[in-house]
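Asks: Provided herewith is a single structure, encoded as structure tokens, for subsequent inquiry.
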Amino acid sequence: MTASWERSRQAGPAFGGATLNAVDLLLAGSVVFTAAFLRGYSGFGFSTVLMAGLIFWLPASQIAPMSIALEIIASLGQSRSVLRDVERRALAYLLLAGLIGNPIGVALLDHVPDQAMRIGVHVLIIGAVLTLLLRPIRPTVPTAMVLSLAGFVAGVVNGATAMSGLVLGLFFTTTAISSRAMRATMIAYFFFTDLWAGALLTVSGHYGGQILWHIAAALPLLFIGLWLGSICFARYGSHDRRFRRIVLWLLLALCVIGLGRALL
């Protein structure tokens, strides 16, 4: 561990308070910006990057509610530009099936260690991504049954590990859904699931003054990152095949980061 990390841990909260030195503040800010940029471009990946990056300055118990709140704000900020592109049929099946799978994932926590589940999910997705990169399949229009199965699996994974974004990102790369609809539908999906999670966190008292201060401090970087990411998508994301490959590489990077964090 670095000396700056030790000083930050001893001093107290990260950004949002006056306890970080300039280097640590710049690094923490760059994590928020990177996460927001990826969210703006691809529609997912925000929470994974935020958790992996800010864990050096904040405990996971503070990052999780902060991430949920910022995800909701991000979805609201993007709603006007993506609403017309949402694949409503796919969204409905994914959400309804996810509601069924979610409690099963939560129940698994009583039988399988959290770290083991996270490692398993990351390894499976890495394997699937590498397979799709090396041997691309022909995208198909998902049936109601396929959408329901994907939503159910995403719900189980979300309940057990809160990593449904990785599952959905992988699923959408195998479909004939356009890049604009893929991105918009994921943004809409996360809005509804995060709204539910945020309500539960609020009722259980997870949004104290310190976390609200962290959220407020992150907002400027969130909006700048979303704006730049959205511009990049508008310019380079309209090519469906290229966008799918970019999403696959992004999934691979996020899973490698997550796997490394789970093993350390």
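Cβ atoms are placed via backbone N, Cα and C, with glycine included.
According to TrEMBL:
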TRANSMEM  20-38  transmembrane segment
TRANSMEM  50-70  transmembrane segment
TRANSMEM  90-109  transmembrane segment
TRANSMEM  116-134  transmembrane segment
TRANSMEM  146-172  transmembrane segment
TRANSMEM  184-205  transmembrane segment
TRANSMEM  211-234  transmembrane segment
TRANSMEM  246-263  transmembrane segment
Asks: Report, as numbers and ranges, which residues of the same chain sit near the transmembrane segment (184-205): CB under 8 Å and 6 or more residues beyond its ends.
Replies: 42-44, 64-65, 68-69, 71-72, 74-76, 78-79, 82-87, 90-91, 94-95, 98, 158, 164-165, 168-169, 172, 177
Asks: With CB pairs under 8 Å as the measure, which of the listed stretches 20-38, 50-70, 90-109 comes out on top against the transmembrane segment (246-263)?
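Replies: Most contacts with the transmembrane segment (246-263): 50-70.
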Asks: With pairs fewer than 6 apart in sequence excluded, do the transmembrane segment (116-134) and the transmembrane segment (50-70) have three or more C-beta pairs that lie under 8 Å?
Replies: no
